[in-house]
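Here the structure is laid out as structure tokens; the discussion comes afterwards.
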């Protein structure tokens, strides 16, 4: 290709901020000895925020808010084609349906105007825009913008793998969206940030579209908009208490006098076990973030948005080792004034990453109202059961064929299912239930069964006669 040098130059310039910083940074991005626990007042308990109550005119606060959902991901890990946000999760509602219903409910209830903004990637933009037509008559304005498209870099030569700008054929795997930290630059460059500021919007509430617990919280919003002018909080990160399941989640630390997000990728190998410790690092980042629009504008214009680079190694077809450089949206917390963590209830973190998560949110553990899922009042304890479905359940379509109906799980503590297992209608699971079909065996749980503290293994087939 005659113009390859110019193309390579274009690729490296297009991702230049990240790429140049990657070349300059040597060694770990944090010195372990400089890490301190955050000061007591920098992470507030949610109950303290809630105790302030709500103002008389909630619409005034809501009219300053924009909801932003990170919508760049595909459903491939759950065996689905297209954007993950278009997977059905409850009563035929997709992630996107539930989001629109939540915001529409707010707008109707309080006579407010909260818009929805979707940050798409080149992987999700086209399919998402097609589906948005179905919301034309809903009471919510929907905007979209695209995050950047960066070239994957050959690990050995540090040159872009792409030969040209094409996205198909041999170029299909050589581009990537550079993580959700790209939101600040892409939002600013799209012109949408300026437009929303001009419309009187002051804050965005950002979250992953697959976190079904990330609904607009009026108490946190009120805390933000009621701050005195000189002490305006520009960034709130919702954190929640770590459990054994969350040991890899990023945590808040005090570093060089600033509140900072520490991700597992930044931790020196010798300290990874310490990072995972529930006793030392007690909270983790839910990626529910409340951020000042004017502060994003200021930091972008001053070129002062500083986020640690995450180097993500990948292997492409043909065993080609590449790296992709990414940033995380929460890592910018150190750039904002008067940043704050709020320790929220676990219910605000309900991500659906696997079919095991999907089983929980489809079950009677949760009630659905106006697009929001809440733990059923009929469950006697507030913790969610631990569910682990085996590889036969990984893909959504296969998972759905294995349940004639979703079991009653109100009294379930722990469920492990492995192998070729199917569930009949109206099955009830209680306590700890482990079902293991060995290779070559199949287990059909009969309709109407009640399993309480049971281990089922071997071969159990229900045949019609």
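Glycine residues also receive a Cβ, built from the backbone N, Cα and C atoms like all the rest.
Because TrEMBL annotations are produced automatically, they should be read as predictions rather than curated entries.
Keep in mind the model is a prediction, meaning the values are calculated, not measured.
What TrEMBL records for 84, 147, 179, 210, 353 is UTP binding site. All protein chains shown were included, and the count of other CB atoms within 10 Å of the CB of residue 84 (UTP binding site) stands at 24.
The substrate binding site annotation in TrEMBL covers 180. Cβ neighbour count for residue 180 (substrate binding site): 24 (other Cβ atoms within 10 Å of its Cβ, all protein chains included).
A separation of roughly 17 Å, to the nearest angstrom, links the Cα atoms of residue 353 (UTP binding site) and residue 180 (substrate binding site). Around residue 210 (UTP binding site), the same-chain residues six or more apart in sequence whose CB sits under 8 Å from its CB are 73, 84, 85, 95, 351, 352, 353, listed in sequence order. Between the C-alpha atoms of residue 147 (UTP binding site) and residue 180 (substrate binding site), the distance comes to 8 Å.
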